[in-house]
């Protein structure tokens, strides 16, 4: 038990000196654990100094420095002040700003003013932090007026906090005005805050100009630009910027690595993702939850689901997003049973599933045709966890029911929805009609889709396919003409392959590649060898009313075949060929890829717009259900 023995002849002075200098309550602000703070509090009480306002204010400071201060404990200390100082009130405002009740900071500030206590510059920085967390635009604007009233308009730290507040509340013009008013009081934080504000608004052109104008840049500046490129879909620019950062020998941070991993994942660039992984290891970055989750996502989206599993199993700390990424990754690769088993483990760990968790679970059922399980989890989501289905959940169920032949049940599910179905849902059902030959229903849905969204080219293509399958070529021509009149051209299909340190992109019938002659010779070789293996072209996906021979020529130059041909030319024998495709792979290319994997003894992994296909020894991981 702790025993205190005062030292004569000056017990109070020596005790006070000891408490302040004690490592449990350092005079220099620093983050300390809650247990350490409570030990200091106990020592103060035992020492008879609980009424010492300065000591108790410093105790409150140690709580305010915590990432998530215990609010009730902080309040219990603050409420014992008869006349709280500005220092104590600032720390309590700071505690509120980090809590689930950030608006209480403004309430406390009002109380402070009613006591005729004058705020200082620190008061406003913490208040703007609170208003940023609460997105309290009106309150923040009033506090901005108080900043000017009390004469702190030129304070650099307050202006930076003000910039950040307007940025967090998506008030770009207000941020810009504050930034332009502070020509004489700008530091690197000012520039970085304004840069982040512009990036958040999606104005990457303005951000590039601002970045070039910066008198000095740091790792935060570069990280902000890379994050902005990724968030706005400029993935190649993000990778190029990161390459420049590395070439110039600048420092990288975790946020930069996470953003670059996201770009690599979306583009399916495995080698680039592996490089970032090795870079993180060489720089001794700790395997945080954020970095680990990003690596799992990258490997899953680049076709290396086994590596994702290894990383997941080795991670010591996982949050709900780590589990969600792994569940969704397994689902995308068609490993439905593993995804559902992992979901059950997730529940047993005591996690509460989120909306995205059930998207992963239901998509796993959809991709494997697990109708009974899909119905069960759809019901579980609503009844056990109170999660109301969103469009993505309905999409998974309609896809599952439609592709397994329960088209009537899928229609009934759509009709019972509490929200209006979006065009994507009807398009999913249209795809089911095409598969199972529900031509009349398909025509009805296709016409409805064109009325709902006349600018979407995919709807015209889907309806054309329904007509083509029924050999209604006049209707195909009519829909194509309508599509042309409305300037809705079909989205161009492309395929990517990463080889020889470069990313190669192909479109159907491509002649622009520097090795196109060798590629087309390889296509001829492929055609000969797969024909010997029994291949017969499936030309049903070619919608034009042209001869079968011409259709065969069209289909054999689809973008993924060109990418596979290049892979066979330039990668070592036995290496896996990885292709990323933006659209769903057609039936004929799917069959051809299976045969190539057998004839050329190569594993081929294709990520299309829907899922992963692992072609090996003449079979596909999707079991022809996609």
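Cβ atoms here come from the backbone N, Cα and C positions, even for glycine.
The domain 'DYW' annotation in TrEMBL covers 534-626. Positions annotated as repeat 'PPR' by TrEMBL: 187-217, 218-252, 319-353.
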How many of the residues that make up the domain 'DYW' (534-626) does DSSP mark as helix, as strand and as coil?
33 helix, 16 strand, 44 coil
Taking every residue in the repeat 'PPR' (319-353), what is their average pLDDT?
96
Count the residues of the repeat 'PPR' (319-353) that DSSP assigns to helix (H, G, I), to strand (E, B) and to coil, and report the three numbers in that order.
26 helix, 0 strand, 9 coil
